[in-house]
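Trainee: What follows is a structure written as structure tokens; I'll ask about it next.
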């Protein structure tokens, strides 16, 4: 039954995009502040924020034909197969009218990464890694009002162990590929965001964002593309 549903997902979906999207993975342990920084990146640079967990929950709440399979898998205490999660990400990317995406908290494991690259057929452009001392992350999770009901020091430390065991190998892999942008996630929200900015400044995102707003659109018109090309020609980064 599960394999049949996965096959349906692979055969369904929307038409492929005409342009290749700019994909940014966002990784960091619980309490690293990556969620807050994702919101600021979206506000300042016009990215679309995607969360694998949100997509799974939306699929369940929408009562789609795949909802029972996902819900039953979770109820049985099992992990939703990576290929299901990746297909939902793919469907979202292909259906949303934007070309810049933040994928928050993904890939969580090497299996996630391998399935993403197998199904999507490409690596992310950039991987943001919010690096924060474990003691600080524990303190933040315990102090924030939106913490889980079962959050206590023991459970938070257990979640950190899982992150270190499953997700850090992904960080190490992309570091070797030269795709990791490591961010010191200590300090205030403003201080951390100031460290995030260079990751996008080096890619001309500030200029792109400005030109998009000059026309009243986040997606650039042809005149703006011409201006941007001219700027890159006479003032290369």
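Note that Cβ sites are derived from N, Cα and C of the backbone, with glycine treated the same way.
Note: TrEMBL annotation is automatic and uncurated.
Predicted, not measured: the structure shown is a model, and the values here were computed from it.
Reproduced below are the annotations present in TrEMBL:
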BINDING   31, 32, 33, 34, 35, 36, 144, 187  ATP binding site
BINDING   57, 78, 79, 80, 105, 106, 107, 108, 148, 159  ribonucleoside 5'-phosphate binding site
BINDING   112  CMP binding site
Trainee: Which number gives the other C-beta atoms within 10 angstroms of the C-beta of residue 31 (ATP binding site), all protein chains shown included?
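Mentor: The Cβ of residue 31 (ATP binding site) has 25 Cβ neighbours within 10 Å.
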Trainee: Run through 33, 34, 35, 36, 112, 187 for me and report the binding-site residues whose CA is within 10 Å of the CA of residue 105 (ribonucleoside 5'-phosphate binding site), in sequence order.
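Mentor: Checking each Cα against residue 105 (ribonucleoside 5'-phosphate binding site), the hits are 34, 35.
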Trainee: What kind of secondary structure is residue 31 (ATP binding site) part of, going by DSSP in three states?
Mentor: coil
Trainee: Where the record says 31, 32, 33, 34, 35, 36, 144, 187 bind ATP, what is the longest distance in Å from one Cα to another among those residues?
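Mentor: That value is 15 Å for the farthest Cα pair.
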Trainee: With an 8 Å cut-off on Cβ-Cβ distance and a minimum sequence separation of at least 6, pull the same-chain contacts of residue 33 (ATP binding site), or say none.
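Mentor: Listed in sequence order, they are 130, 132, 140, 185, 189, 192.
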Trainee: Based on Cα distances to residue 31 (ATP binding site), point out the closest of the binding-site residues 57, 79, 107, 112.
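Mentor: Nearest listed residue in space: 107.
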Trainee: Taking the Cβ of each of the binding-site residues and counting other Cβ atoms inside 10 Å, which one has the highest number: 105, 187?
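Mentor: The residue with the most neighbouring Cβ atoms within 10 Å is 105.
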